Each structure stands twice: as C-alpha cells, then as structure tokens.
Amino acid sequence: MRPALAVGLVFAGCCSNVIFLELLARKHPGCGNIVTFAQFLFIAVEGFLFEADLGRKPPAIPIRYYAIMVTMFFTVSVVNNYALNLNIAMPLHMIFRSGSLIANMILGIIILKKRYSIFKYTSIALVSVGIFICTFMSAKQVTSQSSLSENDGFQAFVWWLLGIGALTFALLMSARMGIFQETLYKQFGKHSKEALFYNHALPLPGFIFLASDIYDHAVLFNKSELYEIPGIGVTLPIMWFYLLMNIITQYVCIRGVFILTTECASLTVTLVVTLRKFVSLIFSILYFQNPFTLWHWLGTLFVFIGTLMYTEVWNNLGTTKSEPQKDNKKN
C-alpha cells in the first residue's frame with residue numbers, strides 16, 4: 001500500500017507543482033526569489049517541528065558539513081528559479097535539468113576518478129544530443145519570435161543565452177553537491193530527513209540579500225485579482241493562492257520521493273521519477289500551449305531513452321523477471 005501511495009504522491013505532487021510554478025512564472029516571470037523563499041520557509045518550519053524536535057535533537061552530521069552543502073543547495077535553487085526570468089520556457093527548463101546525468105558523469109570522472117561502460121557513455125551521448133537539439137531549436141524560436149526590431153531580437157537572444165548559462169551552472173553545481181552528499185552519507189550514514197531540514201533552514205538568512213525583490217513581488221501578488229477557494233469560501237489574491245499550492249504540492253512531491261526511496265528498489269524510483277518528468281513535460285506543452293516542434297519531441301525522446309539506458313532499466317527488468325522463473329524451477 002505504501003509504495004502505491006508514494007507513486008501517487010510523486011505524480012500528484014510533482015506534476016501539479018510544475019503547473020503552479022508555470023502559472024506563477026507566466027504572470028510574473030521575475031517571481032523566482034519569492035517562490036524559493038516560500039518553499040524554503042515552509043519546509044524549514046515543518047522540519048523544525050517534526051524532525052529537529054523544536055531544536056532539541058542534535059544533528060547526526062556536523063553543522064560545518066551542512067554549511068557547505070547548504071551553500072551549494074541554496075545557489076542551485078535560486079539560480080534554477082531565476083533562469084525562468086531569462087527567456088527560458090518551462091519545457092526547455094525541464095529538459096535541460098534532465099541532463100543531470102551528464103553533469104554527474106563528468107564530475108564523477110574528474111573528482112572521483114570513476115570509469116564507466118561503453119553502454120553508459122552511449123546513453124550520455126543520447127542525452128547530450130537530445131538536450132542540444134531542444135536547446136538549438138529553442139534558440140531559433142527566441143530569435144524568430146522577437147520580431148519588434150533587430151535590437152529587441154538580439155537582446156532577447158542574449159538574455160536567453162544567460163539563461164542557458166545559468167541552467168548549465170546550476171546543473172554542474174547540483175552534481176557537485178550530489179558527490180559531496182554521497183561522501184557525507186558514507187562517513188556518517190544516511191539521514192535524508194535531517195538533510196532536508198538543514199538544507200532548507202540554514203539558507204534562510206541568505207534571503208536577506210533578496211529581501212527587496214521578495215517584497216516587490218509580494219506587493220505585486222497583493223494586487224492580483226481576487227480568487228475564492230472552492231469549498232472553503234476564503235478569498236485571497238490569486239497569485240498567493242498559486243504560491244500556496246506550489247508550496248503544498250512541492251512538499252507532497254518531496255514526501256512521496258522520500259517514501260519511495262525507503263519502500264522501493266532504486267530501479268522503481270528511477271522509473272517513477274523519469275515517467276513523472278515526462279508527464280509534467282507533456283502537460284506543460286498541451287495545457288499551456290508552449291511551442292514544441294517535431295525536433296523538440298525528437299530531442300525529448302533522446303533524453304528519456306538515454307536516461308533509461310543509463311540506469312540500465314531494461315537489464316534490471318529482465319533480471320527481475322528471470323528470478324521468479326529460477327525459483328520455480330528449484331521448487
């Protein structure tokens with residue numbers, strides 16, 4: 001029952017989270033900082049109450065290590081959300097972030113001196129080609145859609161390039177954080193709920209530097225049209241409703257992934273997360289009518305096939321199916 005519940009939470013939480021994020025970004029493209037702050041604050045308060053036991057429970061991993069991890073996590077979160085301000089469409093944002101495998105492999109080779117099989121290198125090549133196709137076609141759309149003047153078109157393209165640079169930086173930083181996390185867990189053991197709390201609580205003072213931008217967008221949110229929440233009858237500005245739902249759905253998504261990792265094999269987790277990304281992408285394209293050409297579909301297909309190849313899904317599924325047959329023969 002718990003694995004089925006976890007899968008339901010991941011699909012319901014993560015997919016709807018993307019929807020509310022896009023609703024926010026479409027109305028106010030620069031709202032990344034207030035969204036990040038609200039998400040961090042909610043998870044930090046929840047963790048302080050239920051994980052840290054109101055601050056009475058000492059951390060299993062020393063705070064100095066969390067400080068390093070938090071710096072990376074805070075940077076990745078802010079940069080990823082800020083990239084939406086830089087002419088980056090939500091579908092490209094999702095596809096580009098699927099390139100985490102490439103970043104993990106590159107840094108794994110450089111830092112951990114890892115070596116991989118030809119099969120894995122082939123899968124990474126597929127992911128790279130897929131991301132390149134989607135990025136290249138998106139670049140053409142940015143320049144063609146900016147038809148006001150040559151200067152406007154060039155300016156839009158420059159902002160888009162900065163957005164691609166921001167996503168690339170966040171991708172590499174996220175991979176580096178994953179390697180650092182891996183070494184910490186080997187040394188101190190896995191404490192994922194504790195890490196979730198400290199990764200969101202410790203960066204909160206850093207939002208002081210973004211306070212002006214957060215306040216400006218809070219004012220803009222207050223000026224948005226009023227919306228009555230169905231069934232409750234409470235009326236509030238619709239942008240605050242979108243933000244509230246974004247926070248709740250992100251929490252549901254995170255909890256679903258956590259339950260999934262504790263209840264299911266890594267193969268199941270990989271399959272569910274990969275399928276969830278694909279469903280989110282399809283919904284974003286169809287519901288929000290984001291421009292998506294045949295080339296984008298081809299690039300997306302390359303990314304997801306490469307991801308499944310890298311995680312050796314087909315090999316593992318074949319092994320899983322053959323095991324019951326062997327057991328039956330023994331009996």
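Backbone N, Cα and C define each Cβ position, glycine as well.
Here is what Swiss-Prot says about this protein:
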{"type": "TRANSMEM", "residues": "4-24", "note": "transmembrane segment"}
{"type": "TRANSMEM", "residues": "30-50", "note": "transmembrane segment"}
{"type": "TRANSMEM", "residues": "59-79", "note": "transmembrane segment"}
{"type": "TRANSMEM", "residues": "92-112", "note": "transmembrane segment"}
{"type": "TRANSMEM", "residues": "117-137", "note": "transmembrane segment"}
{"type": "TRANSMEM", "residues": "153-173", "note": "transmembrane segment"}
{"type": "TRANSMEM", "residues": "201-221", "note": "transmembrane segment"}
{"type": "TRANSMEM", "residues": "229-249", "note": "transmembrane segment"}
{"type": "TRANSMEM", "residues": "251-267", "note": "transmembrane segment"}
{"type": "TRANSMEM", "residues": "268-288", "note": "transmembrane segment"}
{"type": "TRANSMEM", "residues": "291-311", "note": "transmembrane segment"}
{"type": "MOTIF", "residues": "326-331", "note": "motif 'Mediates endoplasmic reticulum retention'"}
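Here the listed stretches are 4-24, 30-50, 59-79, 201-221, 291-311, and the one with the most C-beta pairs under 8 angstroms to the transmembrane segment (92-112) is 291-311. The average pLDDT the prediction assigns to the motif 'Mediates endoplasmic reticulum retention' (326-331) is 51. Listed by sequence, the residues of this chain that lie at least six past the ends of the transmembrane segment (59-79) yet keep a Cβ under 8 A from its Cβ atoms are 32-33, 36, 39-40, 166-167, 169-170, 173-174, 176-177, 180-181, 184, 188-189, 191, 194-195, 198-199, 202-203, 206, 210. Among the listed stretches 153-173, 201-221, 229-249, 268-288, 291-311, the one sharing the most Cβ pairs under 8 Å with the transmembrane segment (30-50) is 201-221. Ranked by number of Cβ pairs under 8 Å to the transmembrane segment (229-249), the listed stretches 4-24, 117-137, 201-221, 268-288, 291-311 are led by 4-24.
Through the fold, the transmembrane segment (268-288) approaches residues 3, 7, 10-11, 14-15, 18-19, 22, 26, 90-91, 94-95, 98, 257, 260-261, 300, 304, 307-308, 311, 313 of its own chain, all at least 6 residues removed from its boundaries and within a Cβ separation under 8 Å. Sequence-distant contacts of the transmembrane segment (117-137) (same chain, six or more residues past either end, CB-CB distance under 8 Å): 91-92, 95-96, 98-99, 101-102, 105, 164, 293, 295-296, 298-307, 309-310, 312. For the transmembrane segment (4-24), the residues of the chain that approach it from at least six positions outside its boundaries are 31, 35, 90, 94, 239, 242-243, 245-246, 249-257, 259-260, 263-264, 272-273, 276, 279-280, 283-284, 287-288, judged by C-beta separation under 8 angstroms. Proximity of distant same-chain residues to the transmembrane segment (201-221), defined by a Cβ-Cβ separation under 8 Å and at least 6 residues beyond the stretch ends, is recorded for 28, 30-31, 33-34, 36-37, 40-41, 44, 47-48, 52, 63, 66-67, 70-71, 73-74, 78, 237, 239-240, 243.
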